[in-house]
Amino acid sequence: MSNLQLDQNGQLRHFLSIQGLNRELLTRILDTAESFSTIGAQHVKKVPLLRGKTIVNLFFENSTRTLSTFELAAKRLSADVMNLNVRTSSTQKGESLLDTLRSLEAMHCDMFVVRHSDSGAAYFIARHVPSHVSVINAGDGCHSHPSQAMLDMLTIRRHKGSFPNLRVAIVGDILHSRVARSEIHALATLGTGEIRVIAPRTLLPRNVESLGVHIFHDMRAGLKGVDVVITLRLQRERMEGARLPSEREYFQLYGLTEEKLALARPEAIVMHPGPINRGIEIESAVADGPHSVILEQVSHGIAIRMAVMAMTMQIPVPEAKEAR
């Protein structure tokens with residue numbers, strides 16, 4: 001399934017999942033993002049790399065950060081951008097995903113950025129587009145969110161340098177989190193020293209040990225000596241049945257507080273993919289505190305999404321300069 005992402009020369013054609021991408025390719029994405037990272041501070045916040053290309057954002061789930069940063073990334077690359085409003089589209093009249101796709105293809109689009117509640121939706125679209133069209137997965141069900149993982153890897157690399165000596169803890173709703181799956185694969189591929197997952201048994205997927213992680217049900221034990229803490233949103237909308245007694249009890253056991261964070265290394269950083277539920281996954285004193293790099297993650301999302309857009313379009317990326 002991962003081979004669909006690469007062309008015959010091993011270059012990115014689609015960006016659907018971290019799985020199947022090697023360390024060299026992930027590092028190239030990070031390095032390419034670095035070349036775009038200063039564009040937002042320039043007087044002219046554009047480079048002409050995708051001028052004349054048309055990118056369609058197909059978001060079948062709600063989004064703030066992901067949609068806005070993909071749109072901004074495309075515009076900073078000088079692409080033409082169309083956001084499909086699913087609530088007012090013909091999908092509300094029963095039109096199938098494939099028929100929607102074919103209609104958009106007839107408009108000669110060059111890339112689809114897709115978010116969908118069904119796992120595998122981005123792969124389905126990638127299998128049905130013409131060879132010149134690229135697909136980027138902006139989140140599919142509980143399966144994958146590769147660009148979020150890569151913006152988090154960029155954030156970690158900027159603060160911590162290399163990965164092999166790091167201890168990283170991922171805390172919370174691992175079971176329903178596409179972010180967690182992508183983070184684990186990215187951290188493992190980049191050679192992270194130790195990956196910990198901290199969660200109640202009811203919020204862990206089966207056979208999670210096979211991903212090479214260390215499991216902790218006691219948050220305090222799991223946070224001891226870690227360099228990076230990634231907290232996850234509690235995804236009530238994806239839960240079936242009673243997975244938790246109450247949000248209050250969840251916060252007592254798995255909410256990140258200053259007291260619990262003190263068990264990590266003194267220079268530890270705190271991350272969250274958003275949206276944040278304050279008082280459930282994390283307290284405000286931590287989310288807004290000196291260890292938090294949550295807003296940096298959002299900023300890095302633009303550079304990462306510029307990088308994967310340029311790379312999947314197979315556009316050579318020179319040193320970033322202002323558009324003329």
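Glycine too: its Cβ is placed from the backbone N, Cα and C atoms.
If you check Swiss-Prot, you get these features:
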BINDING   R65, T66, R115, H145, Q148, G274, P275  carbamoyl phosphate binding site
BINDING   K93, R178, R233  L-aspartate binding site
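Here the features listed in Swiss-Prot are painted onto the structure.
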residue : record                           : DSSP (3 states)
R65     : carbamoyl phosphate binding site : helix
R115    : carbamoyl phosphate binding site : strand
H145    : carbamoyl phosphate binding site : coil
R178    : L-aspartate binding site         : helix
R233    : L-aspartate binding site         : coil
G274    : carbamoyl phosphate binding site : coil
> Beyond R65, T66, R115, H145, Q148, G274, P275, what residues of that chain have CB atoms within 8 A of the centre of the carbamoyl phosphate site's CB atoms?
Replying inline: S63, T64, A138, G139, V179, P273
> Tell me which residues of the chain lie with their Cβ under 8 angstroms from that of Q148 (carbamoyl phosphate binding site), as long as they are six or more apart in sequence?
Replying inline: T66, G139, V179, S182, E183, P273, G301
>> Quiz question: given the binding-site residues R65, R115, H145, R178, R233, which has the greatest number of C-beta atoms lying within 10 angstroms of its own C-beta?
In response: H145
> For the binding-site residues G274, P275, which one has the sparsest Cβ surroundings, going by other Cβ atoms within 10 Å?
Replying inline: P275
>> Considering each pair of residues in R65, T66, R115, H145, Q148, G274, P275, all listed as binding carbamoyl phosphate, report the largest CA to CA distance in Å, no decimals.
In response: 16
